[in-house]
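Taken verbatim from TrEMBL:
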REGION    1-35  region 'Disordered'
DOMAIN    168-456  domain 'SAM-dependent MTase RsmB/NOP-type'
BINDING   C257, A258, A259, P260, G261, N262, K263, E281, D308, D328  S-adenosyl-L-methionine binding site
ACT_SITE  C390  active site, nucleophile
COMPBIAS  461-470  compositional bias 'Acidic residues'
REGION    461-490  region 'Disordered'
COMPBIAS  471-488  compositional bias 'Basic and acidic residues'
Amino acid sequence: MPPPPPPQHPKNRSRGPAATGGNGRPPRRMASRDAAERAAFFARREAAAVLRRVLRGDATRRAAGSIKSLVYSPTVRNKRATFALVCQTLKYLPILKEVLGSSGVLNSKWKRQEELVIVTAYDILFGQGTAVSGSAEQLIMTHKDTLSSALDRICAKKKVSSVEDLLGNKTPVKPKPRFLRVNTLKTTTESVVEELSKIHMVAKDDMVPDMLVLPPGTDLHSHPLVTNGKVFLQGKASCMVAVALCPKPGWKVLDACAAPGNKTVHLAALMNGQGGIIACELNKERAKTLQHTIRRSGANNIQTVNGDFLDIDSNDPSYAEVRAILLDPSCSGSGISTERLDYLLPSHSRDDQDDASTSSRVLKLSAFQKKALSHALSFPSVERVVYSTCSIHQAENEDVVNAVLPLATSLGFELATPFPQWHRRGLPVFEGSEHLLRTDPEDGLEGFFVSLFVRKAAGGDAEEPNEDVTVEARRKEPNEDVAVESRRKQARRRRSGVRAFSSLRLSRMILCSNGGFW
């Protein structure tokens, strides 16, 4: 999704004596102008708050969310104007900082409100041209001539004729279809198709159940179906993750790194709201987003845990019945960097994208991912584990799976093939990589990676459901009559074998044997 055009504000003029109509009230045009000024005033402050979080997260490489997820959070009221201001300010950020720095406007008094000053400077210099309310607005208006002169000097110094020539070439965004997932906990696919078909062209996806496809550029963020949780704006590749895990109604499932929660509530829908889901999230702010997503979905079988997945004792009786784990851990996000608008961030221009796959950050992430996957496989009753990322780097995908395979095999797991009809598989870097799944922007999707570990049954075959049984059909099945006591005995035997080593020691053992980062 490309950055939106600059927010369009009416051209404001300095206030003169208050004109009134015949009834003593301000004319309607003035009232409209005042309303526009108020809207712009608050949009700048919402944009400054988002910009502050974006820049701090980018500087520390610990982002609380993407630009879009931060703007479209429940706390932002004027989402469209805020999104436009944030994107355009980031686009002009190097120029704005140079202009403000050379003019001395951003002194110590305003340092604490730097983001607000930057957003306001963009809006006045490149956007609406004027503003009459607010101390930051007055600051920029007072020094507008000084800032304009500084801008002219920068253009002359760099021998360009316009400000646009100062802007670097940004990554072009190839339009992708708008995918959305119907939340079957609240409605049906048929009713959503009927509603949206009144104003849009709608098609059903041929592979992911309850997934609809709309034309590129379709904006549904404020549509009632989205705001009330009947529909989730979720990409196809992201939805393939929960479907690959394929949890049955009545199971106990663990989502190890759950925020923002789209995959969590998708699991709840696949399970018909039956059974239980434990959603674990370490970051407090992201945990709040997770809880909001759960409330919006209407799912009532999800328990949230604000803590570190690696701190969970896999032998704790509370997790003895966990039969499926979805592990979508922190990753570089290289597969969705364009959708996330990461090319607008300051770090994007600093990074050498050709060497990103072997950067120290990616190698550290890979080490963490191996540790997390090893831990997920150590839960004694787990039958299915999905490891997924939104990364395109081999170090975070095939290399992680290959490093953990010896441990997985020792615990009775083998790789299964999610979506066998999908054409793009794992990179051929080890035997068995054909079971892995990749998606790519060439497919009109985000860059995702999905692997599925399935524990073999007692007879030696993997406990893999028939691929011909669709999720739609499984929704109609009654809860299975499981031999609970038999499964508990198997779990106790597995625990006795695993207890000799903590999950951390198991992780270290396998990482060291495969040239890990310890």
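Each Cβ is built from the backbone N, Cα and C atoms, and glycine gets one as well.
Across the residues annotated as binding S-adenosyl-L-methionine (C257, A258, A259, P260, G261, N262, K263, E281, D308, D328), the widest Cα-Cα separation comes to 19 Å. The highest number of surrounding Cβ atoms within 10 Å, among the recorded positions C257, A259, C390, is found at A259. The separation of the residue listed as 'active site, nucleophile' from D308 (S-adenosyl-L-methionine binding site), Cα to Cα, is 20 Å. The residue listed as 'active site, nucleophile' is 13 Å away from K263 (S-adenosyl-L-methionine binding site) when you measure Cα to Cα.
By the criterion of other Cβ atoms within 10 Å of the residue's own Cβ, the least surrounded of the binding-site residues G261, K263, D308 is D308. Cα of C257 (S-adenosyl-L-methionine binding site) to Cα of the residue listed as 'active site, nucleophile': a distance of 13 Å.
When the Cα atoms are compared, G261 (S-adenosyl-L-methionine binding site) and the residue listed as 'active site, nucleophile' turn out to be 15 Å apart. If you measure from the Cα atom of A259 (S-adenosyl-L-methionine binding site) to that of C390 (active site, nucleophile), you get 14 Å.
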